[in-house]
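Feature annotations, courtesy of Swiss-Prot:
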MOD_RES   1  N-acetylmethionine
DOMAIN    17-96  domain 'CIDE-N'
MOD_RES   243  phosphothreonine
REGION    305-331  region 'Disordered'
MOD_RES   315  phosphoserine
C-alpha cells in the first residue's frame, strides 16, 4: 500500500511505499506485524513495539531464516512482503538453531524446545524444505510425504516456506489433488485387474495357471531352495519399500521417485524371492515402477524447462550482491 508521509525519512508530500514485515525479539516466538518504508523506519518501530531499551541500541536487523544482516535499503526493498526479521540489541548475537530447521530462533539459556520439532515434526519440515528449494519436487514425493504436508498446520507450514497462509492453503489443496489423482489411477488399475481376472476364470485360464505355479513351486523346493534363500539376503531394499510392494495396490503410486529407482535396479529373481512372488508378477511390478519413474522425471524436466524460459524472460538486469551474514554465537 502507499501512503503520504508526513514525518521521518520522506519529505512532506512525498509518496512512500510501506512494506509489511514481521518482527520478533531473540527471546520470544511472539511476532508483530509492522509496515515500514525503509530500514531506519523498521529499526525505529522495532525499538518501540518490542520495547528495546535505548541503551541497547543500535539495533541490528537479521533475517529470521538464516541470520543474514540486512543493512542496505535496496536489499530491504527487494525482500518479499511479510519477511520475518529478528531484532538484535547491541549485546546480542544470532545463532543458528538446527532443532527448528533454520528458523533462526536466537539461543537463550531459558529456551524451551518445541515438541513439534521432534519426530514427525522434523520429518515434515525436512520435506517442506525440499519443496521450498524446488516446487516441482511435488511430483517426486511419496504419498506418505504428500500426506504429511497436507496434514501439517497451515501456519507452521507457511512459516517454514516463508509464504502467506493463503498461499500455503492453495499449495495444500494442490498436494491433496496429487494424492487424489494417484488414488484414481490406483482404482482404475484395480478395476482393470478385476476385469482380467474375470476373463481368466471364464476361460479356465486361472486353473491352468495355478497348476503351472504348483509344478514350478515343487521344482523350486526340490532343486533351488538353497539358492533362493541365499538370493533373498541380497535384496537391499528398505522394509517400507518391500511392505508397499506387498500390500499396496499399484505400489508404484505410493513410492517416492528415489524408491522407484531402487526397485527398478533390483534383481528380479532376488526381489521375487524376497516378496514370495513368481518372476512374472515381479517383472510386471518393476516395469510399472519404471514407467511411473520415467513419467515423473519427464514432468519434472518439463517444469524446469518452463521455469527456465520464464526466468530468462523476466530476469533482472543485475544480480544482488551477496549479503553479509551475521556472525554466529560460538556457543
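Note that Cβ sites are derived from N, Cα and C of the backbone, with glycine treated the same way.
In terms of DSSP secondary structure, the domain 'CIDE-N' (17-96) contains 20 helix, 25 strand, 35 coil. Residues near residue 243 (phosphothreonine) in space but far in sequence (CB under 8 A, at least 6 apart, same chain): none are found. Mean model confidence for the domain 'CIDE-N' (17-96) is a pLDDT of 85.
According to DSSP, residue 243 (phosphothreonine) sits within a helical segment.
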